[in-house]
Amino acid sequence: MASIGKDIAEAIGLLNEGHVIGIPTETVYGLAGNAINTDAVAKIFEVKNRPSFDPLIIHTNSIDRFSAYVSEIDERAFALAEKFMPGPLTLLLPRKDIIPDLVTSGLDKVAIRIPQHPLTLELLSQLDYPLAAPSANPFGYISPTSAAHVNNQLGDKIKYILDGGTCQVGIESTIVGFEAQEAIVYRKGGLSIEEIEGVIGKVKVIDHSSSNPQAPGMLKSHYAPKKQLLLLPENQSVRNDGKKIGYLGFQHYHQEIPQQNQLLLSPDGDFREAAKHLFAYMRQLDAMDVDIIYTDLLPEKDLGRAINDRIRRATVKE
């Protein structure tokens, strides 16, 4: 298994040699490699078993460094960056040639962000290149929110995981891009639509697509546990068909399911608490002695939108 620690020098040494490592961010743990080293980027795809048509996000530590990797910054993008970076925001911007095609899946824009985690910001400040870093999990499975999650899933494929504790946001970043006069949210995430619109006005929200994604994290099937996850039909009884049932709820327990098989994202109805718990609780239920996991959607507002996006994509249709 991988070594786990807080040794930035160890992390830098491995990255400089072209290895990939696990890193903490405020959203989820990333599988990081030198974004301008094509071999390192290829290792990320290989370790995750990620399709090459799904682009990656690059990470750096300062807006001042964007100009090394992007050819222009829309004034709306700059306003968002100044307000919300470091933080759970990714901007989709025209790339410079230094960024390999493999990072962007051949597209002319690169997704770039500044993570809000002190350990990773310190790491990035000591590197002279950005890090490409999708979530540190096998492609399609639940995203990791602790170093232990990464080690359990990918520890036999990487050498080191930088341990930054539990992720404070718990779901991936919101991705925003720009086409002419239109600001577009390509992926809902840890920064709400309301917060974005408070800075740049109305945005268009694009639903995820099954092929040819324009930005990272747009594929229909994602974030899924190994066990079947089903949306609970409204006002209908639970069908168990003799199977053991688990339940992932928002605020309230389900009366028809044994309480020991249930986890609540936020008994207080706090969207941020719910987002922080989402993937970890999916993972806990996946490890329980249940056959099927039922869940409900949250109110479609604030971070509830991003949580519902992850639930829908993790859900298997009956």
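Cβ coordinates come from backbone N, Cα and C, glycine included.
The number of other CB atoms found within 10 A of the CB of T27 (L-threonine binding site), across every protein chain shown, is 30. Following the DSSP three-state reduction, the secondary structure of T27 (L-threonine binding site) is coil. The L-threonine binding site annotation in TrEMBL covers T27, R113, A133, S173.
For the recorded site, Y223 (ATP binding site), the DSSP three-state label reads coil. Taken from TrEMBL, the feature ATP binding site covers R50, H59, S135, S143, R187, Y223.
The feature domain 'YrdC-like' is assigned by TrEMBL to 5-191. As a whole-number mean, the pLDDT of the domain 'YrdC-like' (5-191) in this prediction is 97.
Under the DSSP three-state reduction, R50 (ATP binding site) is assigned to coil, being neither helix nor strand. Neighbour density for S173 (L-threonine binding site): within 10 A of its CB lie 31 other CB atoms from the protein chains shown. Counted within 10 Å of its Cβ, the other Cβ atoms near R113 (L-threonine binding site) come to 25, all protein chains included. Within 10 Å (C-alpha to C-alpha) of R113 (L-threonine binding site) lie the following binding-site residues from H59, S135, R187, Y223: H59.
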